[in-house]
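Right, one structure below, let's go through it.
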Amino acid sequence: MAPGGPKGRGGKGKAEKERSKANKAEHKTLKRKRELENLEALQKRIDELDPKSTELNKFSDLPLCEPTASGLRASHFEVLTDVQRAAIPLALKGQDILGAARTGSGKTLAFLVPVLEKLYRARWTEYDGLGALIISPTRELAVQIFEVLRKIGRNHSFSAGLVIGGKSLKEEAERLGRMNILVCTPGRMLQHLDQTAGFDVDNLQMLVLDEADRIMDMGFQQAVDALVEHLPKSRQTLLFSATQSKRVSDLARLSLKDPEYVSVHEAAASATPVGLQQHYIVTPLPEKLDTLWGFLRTNLKSKIIVFMSSGKQVRFVYESFKRMQPGIPLLHLHGRQKQIARLEITNRFTSAKYSCLFATDVVARGVDFPAVDWVIQVDCPEDADTYIHRVGRTARYESKGRAVLFLDPSEEEGFLKRLEHKKVTVQKVNVKENKKKSIKNELQSQCFQSPDLKYLGQKAFVSYVRSIYLQKDKEVFKFDKLDLDGFASSLGLPGTPQIRYQKGEDVKKLKNASRAAMSSGSDTEGSDGEIRKKKKEVRTKYDKMAERQNQDVLSTHYRKLLGEDQAEDNEEDDFLSVKRVLDDDAALDDAAGNAKSGTNPDGTAKVVKLGKNAELVIDSHRREKLLKSKKKLLKYMEKGQKLVFDDEGNAHPLYQLQDEEDFQKEGDAKELRQKFVESEATKVKEQDVEDKLLAKQRRKEKRERAKARERGEEVEREKGPLQPALLDAHSDVEEDPLALLRSLPVAGKGGDSGDESEDDREPPKKKAKKWFQKDDSDTEYSDDGRPRRKKAKMEGGRKVIEMDHEPDNLQDLEALAAGLLED
């Protein structure tokens, strides 16, 4: 066979495939070799980098890998800020960092760039597990960090995830094992570390805490301590915040190794941005809402954030101002909202040109809203650090912004000292009298018309008073000098809610306290930093149905009035005076809250009272477990008694039975029975008469309606086809347009209308004459009573047909046409 035959061509193709495989393998080897060389060169540049060099002005001056550099260029990040110039070189060298810088100074990139570089130099893949963990105190800030990470890391092959509350725990757990970088909130992350099987953090390379002072605060202390226990000691830790803590106890909890303290603005004249104009207004507590309303009405073409101390206040002011329509779009944001709603509101405010956002401190830290013109603080912040974070939502990235703080006269002196200590200078301004407008009457009208709004106003009042009462800084917050009656009146409330005070705890601890008891069993994180406890018992559909709650704002208030809200809301414990408590529920609460042990100190069995007469002996562990379930304790309770009330309001049992002696005093049983039968027969006879009269009246009305209907039908038949009717301009009564013509005398009749009226009373066979008919005696009628048409006559060469009646249907018109066509 020739060399060019099939066999030769097959051998040639096989050789080409082998050469192609060899080229690919060689190409991979060369590519791997180049990557190793690039990594060695990059590491060499990092080792030679001087962190204190003043020549670092752009990201291109830093020793960064190509994927990170290209991602920064594509996101239009070119020039380094002060905190980035100081922190990134140290982080690239692997040192722990404790960073503090002004709000809006670019701290997010200061830790995201080192995270990407650390994993890139380690050649991290999805099989290596979690490499970097970024913790944020709020969901909004976590979402923002994740979006920035996606932008600058678009050219990397790392997998990144966002783990926050408000989403399905099961769906997150399925994907968690494949993540290289996680952005999370403390509570949800700890929940995954405790519950998600196969989630391994032993290879963690870097831990980042944004707004670290807030994360290490009292509310997150347990979550952070438990979370750090799961993490390896050999990791790099970065802490960033606008107000950083240097306490040794905080740093020891996080196991920092010789941290570098980076504070680029520590020696600056002010702790707030240079372009921020800061003012404060001294306004009494009852006039705060009036001042806020006047401010919004004069700044309709602005983007405004209004901070308040509690979510109840945010909801009340938003609902009331929305009904009054100030002329600017209104939004509200607080920690009790669902995650989907919070994201939607955040996006709407971000994209809006002019808008006003009422918010709590959930957006006070780190969240970047573009082009915010004003930051208004209606309530005095708890400390100067909170003030700095709040005003930092405007004047970001060297732009300009303005901030206004409302202070009660009792708060002015003390809080200005706190601001001066933090290098914050604010100027006092006065409100023009023509800009003030009292809205107390409008709020009172709204509260009167809407019970929902009234009860929401009561909740807002209680939450504000509670926040002031629990403040630690008594030099600033002087509770006794506040005009609470005037404040309640300014909210539109009919009176001042009664509040019972008890000795409070630390305000931050209560503010960030876990609400696991309120929402246990849910797989979503109810608020930032809280720890959820999952129910172990099986919940049937009947249990779920019994646990359903009305979502109306009145529901919790009503439950509290009934004493059924003991564990519903930790925020309001011991602050609303309970006017009425159900005995059974109180007994169940007392039984459920008794001592853990089932025996008394003397060894006797413990007896728990479940009411006035019912008792439960705790003589076993099974009986002791009953105390934890109100549902199981119900069968040991006394049976309820149904009562009826007489006309005087006195309660009586529904079936009030006599004893034997009282019954015998009334006489013989047979006579009593006969009297009862006779009395009932009399009642039946009286009722029978009324029923017969009613039936007779209904039959009479039915006959009258039938007769009226028949008369109407007869009148319609006599009238024939409908004639057009004229309506007088000043009357609704129809008038016959031909009535005037009928009243005129007919030619040749002498104006006598007596004959015409007599003709109207002719037998039914003969129809009444019309206005155009002549009074001829020779009129002929057909069998059906209709006048016959006379023969046609010739007048002046024209054919004329005389009609005895006006055509009133199609049959008459056809007969007239046939007569005209005859010769």
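Cβ coordinates come from backbone N, Cα and C, glycine included.
Noted in Swiss-Prot for the protein shown:
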type	residues	note
REGION	1-34	region 'Disordered'
MOTIF	57-85	motif 'Q motif'
DOMAIN	88-262	domain 'Helicase ATP-binding'
MOTIF	210-213	motif 'DEAD box'
DOMAIN	288-443	domain 'Helicase C-terminal'
REGION	511-549	region 'Disordered'
REGION	680-810	region 'Disordered'
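When Cβ-Cβ distances below 8 Å are used as the criterion, the motif 'DEAD box' (210-213) is approached by residues 98, 107-108, 111, 134-137, 141, 145, 239-245, 365-366, 385 of the same chain, each at least six residues removed from its ends. Beyond the motif 'Q motif' (57-85), the same-chain residues lying 6 or more positions past its ends with a Cβ under 8 Å from any Cβ of the stretch are 38, 42, 45-46, 49, 92, 99, 101, 105-107, 109-110, 113, 116-117, 120-121, 151-156, 240, 262, 264-265.
According to DSSP, the secondary structure content of the motif 'Q motif' (57-85) in residues is 16 helix, 2 strand, 11 coil. Across the motif 'DEAD box' (210-213), the DSSP tally of helix, strand and coil residues reads 2 helix, 1 strand, 1 coil.
On the 0 to 100 pLDDT scale, the model's mean across the domain 'Helicase ATP-binding' (88-262) is 86.
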